[in-house]
Amino acid sequence: MASKVARVLSVLSATSVVTATLTWPPSLPSVPETYPNLTACVNEPLTYSCENTTAIANTCCSPTPGGLVLQTQFWSTYTGLEAQGQLLPKNSWTIHGLWPDNCDGSYEQYCDLSRQYDPDPSPKVLPNGTPVPAYTGPSVVTFIEAFHRYDLLDYMNKYWVNQGASNPTFWAHEFSKHATCTSTFDVACYGPDYIEHEDVINFYDAVVRAFKMYPTYDMLAAVGIRPSNKTTYSLAQLQTALRSQTGATPYLGCGYNGTVLQEVWYFHHVLGSEQYGHYKTLDSTTNSTCSTTKGIWYYEPTPSSVREVR
Ligand SMILES: *[C@@H]1O[C@H](CO)[C@@H](O)[C@H](O)[C@H]1NC(C)=O
Ligand SMILES: *[C@@H]1O[C@H](CO)[C@@H](O)[C@H](O)[C@H]1NC(C)=O
Ligand SMILES: *[C@@H]1O[C@H](CO)[C@@H](O)[C@H](O)[C@H]1NC(C)=O
Ligand SMILES: *[C@@H]1O[C@H](CO)[C@@H](O)[C@H](O)[C@H]1NC(C)=O
Ligand SMILES: *[C@@H]1O[C@H](CO)[C@@H](O)[C@H](O)[C@H]1NC(C)=O
């Protein structure tokens, strides 16, 4: 943007007279809109997902059946692709995704194979025997660029970081595995003027919005729980700190027999759409895999794996 302004200014100074036909600001390609048509939703009964007492008639208005919505994050100490510049954000957890669990905790995956953009599906065959073909088309980065959402792409590169493979393959995986099972991102919700991939952009915006509600690093640091390779924390300390700011106990995931902190999942019911609605926090429906008796390591990342992003 700065270089574009500089170029226009140099054109201005080179011509002594500003002609009436010169428009300001200079015309830029229009940015396509990326929201569903929720007009019909204003007449739907107000209810949190999984708490409706009558059938939700229009599934664009409330995520169903995936009404138990999880905002999930990772704590990592390296990416494995440091040499390619894929680094972790300093002083922040990273995005995993936004998942539609069914109200009973089970879940669906890869629900619309016409929107299969995942180059490395996991699983490769669904429980019902349907294969999930590997995607070989253009990267989801090209989808984001087609909508001129360089701001979104920049944020995703900073905070939605993969381990052992490139970031865009992870973003594609999350969309095709999970968003295709979230009814408020169904193609039909975008109406007859649907522009291909606007649901993808809309989902990525929703993921970022949900992630920003949970600054896990800051919530822990604010009570003195900082990454350390010298001291451990108890599960209760970690849970209490997060509960004090969210009103619910999230799921904490640990590796190495419950001794190394790796993940957090925040649970919700959502009033309205997943894109714009209100998220109500709920206690985790899954027991923590972190030890209740041993100390838990919240490791400092490898210094060369981290960059300042703020
Ligand atoms: C949105 O949907 C409503 C019906 O629910 C329809 O009347 C309206 O024309 C739609 N708007 C657009 C822009 O498609
Ligand atoms: C809530 O809405 C869903 C989707 O319409 C429906 O399947 C479910 O039965 C509803 N729950 C109740 C208690 O009516
Ligand atoms: C977990 O504990 C078992 C038994 O002490 C040990 O054999 C195993 O190596 C441990 N696994 C990890 C990943 O630390
Ligand atoms: C979680 O742990 C509690 C206490 O150990 C146990 O009673 C309960 O069955 C566990 N729940 C799940 C879903 O495993
Ligand atoms: C802290 O320990 C982890 C796990 O062993 C390691 O990957 C990381 O590089 C260490 N960080 C620092 C700053 O020593």
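Glycine is no exception: its Cβ is also placed from the backbone N, Cα and C atoms.
Under the heading active site, TrEMBL lists H96 (among others). In the shown protein chains, 20 other C-beta atoms lie within 10 A of the C-beta of H96 (active site).
Annotation note: E174 (active site) sits in a helical segment as assigned by DSSP. Taken from TrEMBL, the feature active site covers E174 (among others).
Other Cβ atoms within 10 Å of the Cβ of H178 (active site), summed over all protein chains shown, number 25. TrEMBL lists H178 (among others) with the feature active site.
Taken from TrEMBL, the feature signal peptide applies to 1-20.
Across the structure, E174 (active site) and H96 (active site) place their CA atoms 8 angstrom apart. A distance of 11 Å separates the Cα atom of H178 (active site) from that of H96 (active site).
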